[in-house]
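A short write-up of the structure that comes next.
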Amino acid sequence: MARLVLELLAAALLLRVAATLRISAFNIRTFGDSKMSNQTVAGFIVSILVQYDITLVQEVRDADLSSVKKLVSQLNSASSYPYSFLSSIPLGRNSYKEQYVFIYRSDIVSVLESYYYDDGCESCGTDIFSREPFIVKFSSPTTQLDEFVIVPLHAEPSSAPAEINALTDVYTDVINKWETNNIFFMGDFNADCSYVTAEQWPSIRLRSLSSCEWLIPDSADTTVTSTDCAYDRIVACGSALRQAVEYGSATVNNFQETLRIQNKDALAISDHFPVEVTLKAR
């Protein structure tokens with residue numbers, strides 16, 4: 001009888017762990033065919049992404065999605081769970097373009113809706129974002145909050161304060177469009193060091209929005225290089241979403257330490273570490 005109770009407790013614990021949702025944002029520097037053709041680097045990327053249920057991948061340079069498809073195929077081979085992806089179109093003001101790609105476990109989450117934030121006339125030079133957010137609403141039946149929105153941003157370093165500030169307008173736009181403020185803002189905001197200084201933070205509206213909480217602090221280091229900068233951030237908005245976040249789960253994944261690799265090998269993967277957060281099980 002005691003053994004049965006222990007087995008049931010173990011099964012319940014496994015179910016609870018499986019029902020939480022681990023989400024990350026990862027700028028994989030210049031992700032494309034060249035990176036995926038390196039078997040060692042590709043293997044490391046798979047070993048990082050397989051830890052997550054949703055990953056926002058940034059700096060994807062893969063217009064035909066061949067490297068993304070290869071990555072997801074390798075993820076599906078490495079995991080006992082199925083992964084799918086949703087990609088934006090290539091975004092950028094000139095010939096240099098990047099994609100936002102969401103890679104997610106399709107057995108526990110699904111995409112409900114998506115749209116591109118309209119930030120003004122690109123050809124006129126009056127748009128705000130270098131890479132406008134590709135906004136996605138997810139369904140997550142296993143977590144306390146069963147629907148939430150992710151707004152991605154890879155900010156242009158030279159205009160990072162203005163782009164982060166404009167996320168408040170995106171916040172309002174999502175509320176008007178989908179009638180929810182349960183929103184994650186995440187990505188490489190370039191939100192520290194010389195790109196966003198201490199003097200600039202007071203004028204950034206998202207920083208002081210009472211409904212939002214900055215989960216990755218200014219003291220964090222999200223860089224693989226010798227710099228110490230909190231470029232990559234996760235911001236949780238909406239009371240239901242903030243309450244659904246597992247306490248203490250927001251962190252930086254230092255894969256150089258967890259994979260026990262040298263700095264040069266870590267830099268072959270990216271110059272950024274992923275940032276992550278976990279949603280509580282239902």
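In case you wondered, yes, glycine gets a Cβ from its N, Cα and C as well.
Computed from a predicted structure; not experimentally measured.
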### Task
For the disulfide involving Cys121, grab the partner from Cys124, Cys193 as Swiss-Prot records it.
Cys124
## Note on the structure
Check: min Cα-Cα distance from Cys193 (disulfide bond) over recorded positions Asn38, Glu98, Cys121, Cys124, His154 goes to His154
### Query
What is the separation, in Å, between the Cα atoms of His154 (active site) and Cys229 (disulfide bond)?
15
### Message
Rounded to a whole angstrom, what is the C-alpha distance between Asn38 (N-linked glycosylation site) and Glu98 (active site)?
### Response
20
### Query
What Cα-Cα separation, expressed in whole Å, is found between Cys121 (disulfide bond) and Glu98 (active site)?
18
